[in-house]
Amino acid sequence: MTVSAFWALVLAVLAGVAAQLSPIDATAPTLENGFSPPIAPAPSLQNSFSPPIAPAPSLQNSFSPPIEPSRVIGISRLPLVQRPRLGQSTNNIPVTSERQFSYSIRLTFGTQAFDLCFDTGSSDVWVVSSSCSDPDCEAVPQYDASLLQFANLNGKFNLNYLMGFAEGGIASTNIQMGPFMVESQVFALVDKTSQLDLASTGTSGIAGFAFPATAAISPTIGATFFQNLISALEADNQFMAFHLSRSDSGSSDPNASLTLGILDPAFASDPSALAYSAVIRTGPEYDYWKLPMLGMIVNGSPFQISSSRIPGATMPIAVLDSGTTLILGSAADVRALYALFGSAVRYLNGNYLVRCTFAAVISLVLGDKRVPYPIHPSDIAWQESESDGWCTGGIQPNDNVCNGDWLLGDVFLRNVYVVQNASGPTIGLRSVTDPVSALAQFRAERGPDVEGSDDDGVLAGMDGNNNNWNMATGFVKRWEREPAGVDTYVFGLIAGGAGFVVGSLGVLGWRIWRGV
């Protein structure tokens, strides 16, 4: 071979290599289901961080397929570090019952771990900062900002509540949940609060798992934690599954379950037992985990509910929200429901109370397949809030839920195994409450139903001063029994647009739904 031929060959090889190294087209595919993975690269993680060098794409209606590793340079907000590898026997994440008022999970921010409210009715993650000197913040563990394990990003976080507020800055750091970690995840670092009284549950913030459209943190700053988790899973495994336990011990319960990308065999040994429904979208984007609610079955008989109030909806809509304690629905429907139980129900200052020994047998008919899901009688006569033999009714009226007709909180979710699937998206449900054994358990715990004497309708321990459901405003609240067992107080529900709950003895707090 001549010298000129040799160099011609070398140049040809170099040209081929250059073609292989040309920039990758990182355009995201069309979005369909409420989530899209962020594709903008970010710098590698050091002791301090700079913000991502390009904004995430605007969030439309989809999770697109997981981004190939070669398209995420420097492992930015998306990369998921998973231990153990998905597909092993379980990746169960501990869930703690806060006396059945709310449920919490532990997230680790860098090296600092906090219990946050597990909330399928919101999308942001926020935690209180050590720079917050308000009583709300000082009552719970705080993120130590002096450790410099986070990056300050441009933008402010601000949620206003009817009573109180939370505000602060936006940051990013590694966030781990069980065996999963997202690097450079954006979150809110709250440095000012008012009247939230976080001490009642001991939670330091919230962890939201709804669709990105409900997030208070702009998508141009960063994708949500749940969006990043789901987007990094294999296309066939982009789902979260959970069951909330009946425990009120305040510690992690082995009967609870929370997994990503894999079903818990304790609740879904036969996956075909799950009934799937398409998530309902009532606007331009998916926002909350919504499915059809077709009615109820009460003591074996069908119970018809009102038509949907949502524009364009062809059937009543229910929202699954682990950040709400009770079931909330149409005031007219709730009134008609409790009228069936006669003297076993009382109505006081806007609240429905159920005799604690009365066993109401109620099922909700949900989903595309119209499946009835029984509710344990102890969730209807909710003894966690009890006074003189009268319990808070697990179903209460609320006509101000804007994006749904019914809000299905923890008293319902304890009775099902839930799969929230980003593919579609869809919701899978499986009943875990057998009505016959539930009734037997209720009788064993509560004894026979004994009708109490009539009185003037004013119950001991309830003074009527704001400790009630205000049907005119229809805001959500929670209840808590004072440790001495004498007085009943409001357990406040607060988040503007979030399904987040904090509570306090003697403190009234209302939650305002920003989008629901």
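Every residue gets a Cβ built from N, Cα and C, even glycine.
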Checklist line | Annotated transmembrane segment segment (source TrEMBL; candidates 139-163, 489-513) | finding: 489-513
Next item on the list: Return the single candidate from C117, C132 listed in TrEMBL as disulfide-linked to C137.
Entry: C132
Next item on the list: Would you mind reading off the Cα separation of C132 (disulfide bond) from D119 (active site), to the nearest angstrom?
Entry: 23
Check: What number of additional C-beta atoms lies within 10 angstroms of the C-beta atom of D119 (active site)?
Finding: 27
Item checked: Distance, C137 (disulfide bond) to D119 (active site) (CA atoms, angstrom) -> 20
Check: Counting other Cβ atoms within 10 Å of each Cβ, which of the disulfide-bonded residues C132, C137 scores lowest?
Finding: C132
